[in-house]
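Scroll down for the structure; my scribbles are underneath it.
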Amino acid sequence: MALPYHIFLFTVLLPSFTLTAPPPCRCMTSSSPYQEFLWRMQRPGNIDAPSYRSFSKGTPTFTAHTHMPRNCYHSATLCMHANTHYWTGKIINPSCPGGLGVTVCWTYFTHTGMSDGGGVQDQAREKHVKEVISQLTRVHSASRPYKGLDLSKLHETLRTHTRLVSLFNTTLTGLHEVSAQNPTNCWICLPLNFRPYVSIPVPEQWNNFSTEINTTSVLVGPLVSNLEITHTSNLTCVKFSNTTDTTNSQCIRWVTPPTQIVCLPSGIFFVCGTSAYRCLNGSSESMCFLSFLVPPMTIYTEQDLYNYVVSKPRNKRVPILPFVIGAGVLGALGTGIGGITTSTQFYYKLSQELNGDMERVADSLVTLQDQLNSLAAVVLQNRRALDLLTAERGGTCLFLGEECCYYVNQSGIVTEKVKEIRDRIQRRAEELRNTGPWGLLSQWMPWILPFLGPLAAIILLLLFGPCIFNLLVNFVSSRIEAVKLQMEPKMQSKTKIYRRPLDRPASPRSDVNDIKGTPPEEILTAQPLLRPNSAGSS
């Protein structure tokens, strides 16, 4: 039996595509031994001065850096150590870690948040991301027959990982040790989004340092960046020969390690700036201190979690859309014709946008209907194929022992509705095109006209009222002045005094009548004329 062509080609070409494992990494160091921090307890509660344990000479120790900039090497090749891939290359820049001309190793990926400037670490990460995306696309786009809902993957996703359970248990144990209330009912929550680790400085009095550190691999470089640092006081700080900041008041203890690479026990890190290190190469310009790293967990009591999840009801009402539109129209009326024009243009623009949205909705309905029609066609083809395959047993329905289902195509109703929507859209577009912004103003005239009469009367009264009032005042004043001028001669004739002749007998009554109403000056001038008669009579 002859093999198919593609199977034969695969069997022939398979040996040529066999991948070979990368060579072992040759980044071992045995001439200069590494040092490790060890704390020994002088008595419970106090930490003695640190001592150092050196590896014996000849002990091979693998050293790799976590970050290597692109300008530090010409080329890099893959190597393997302890079933882990690393990059190896020769240093060409004296300022890079390792030294000029030294062959060093560094990790396959750099840590999150850093870039090597387009080097092999960035390229490896980009390649890995593309592979994951293509794999997900291939899995989700594969056309497989429907076999019901497969919830096994969902169950695997929802199943809690063992390391996560261990992390929660450790956090709860630490909470019971440090909390005075010893809470029994609480919630320990992890954020779904990425958040940086939290740095907690190692206290001055702590008696849980490990005395035995067995390691054959050293990672030089930052492990975590962008830390959240808490309680920056009473720190145990580390200074090197090139450390400049040695007057920090937050440090209560300074430790000077040797010039060789210094590593810390598991669970303790050097924090320099906002980055965490497991090992330092004996030089650091910034101040470093010893710290723990914990995940960004949040601990809630039952009441706190209830208050956080269940928000308090708000008394603020949501404004109703017609009320908002009415308020805009009244505001336009209050600000005059300019406000009305602005409001009208705004509503015209809003109407145009709504018309465009309606067109997009119609297009979406047509697209969905086309997809449904194509899906229905595929289903009908599959049904015919199944009927042909199971024709000897009576067709698909008899073969499955189920009721037969038939597809009733009602796409014509959707097509008619879409046609009606398109006709309405076209009529509305023509109305908007013919009327324009000022045409919409005519639609508002039945509501505006009742207000125009009183408004015009008030405006006319304010404009011409002062002039009319001034004219009335001037007219009344002129008439009063004319009346005064006419009455002035009569008043002068009434005040004139007539002299009585000498041969006329004196009458007391007449004298009184003559001088009655006369001014005092005229009476005084008239008195000498009356004295001779009075003397003669006496």
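Backbone N, Cα and C define each Cβ position, glycine as well.
Positions annotated as signal peptide by Swiss-Prot, on the basis of sequence analysis: 1-20. Here Swiss-Prot flags CYS186-CYS189, CYS397-CYS404 as disulfide bond, drawing on similarity to another entry. Annotation source Swiss-Prot lists region 'Essential for the fusiogenic function' at 465-484, citing similarity to another entry. Under the heading topological domain 'Cytoplasmic', Swiss-Prot lists 465-538. Annotation comment: Swiss-Prot describes 496-538 as region 'Disordered'.
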Pairwise Cα distance for CYS186 (disulfide bond)/CYS397 (disulfide bond) [Å, integer]:
57
In Å, rounded, how far does the Cα of CYS189 (disulfide bond) sit from the Cα of CYS397 (disulfide bond)?
52
Number of helical, extended and coil residues in the region 'Essential for the fusiogenic function' (465-484), per DSSP:
20 helix, 0 strand, 0 coil
When you measure from the Cβ of CYS397 (disulfide bond), how many other Cβ atoms are you left with inside 10 Å?
14
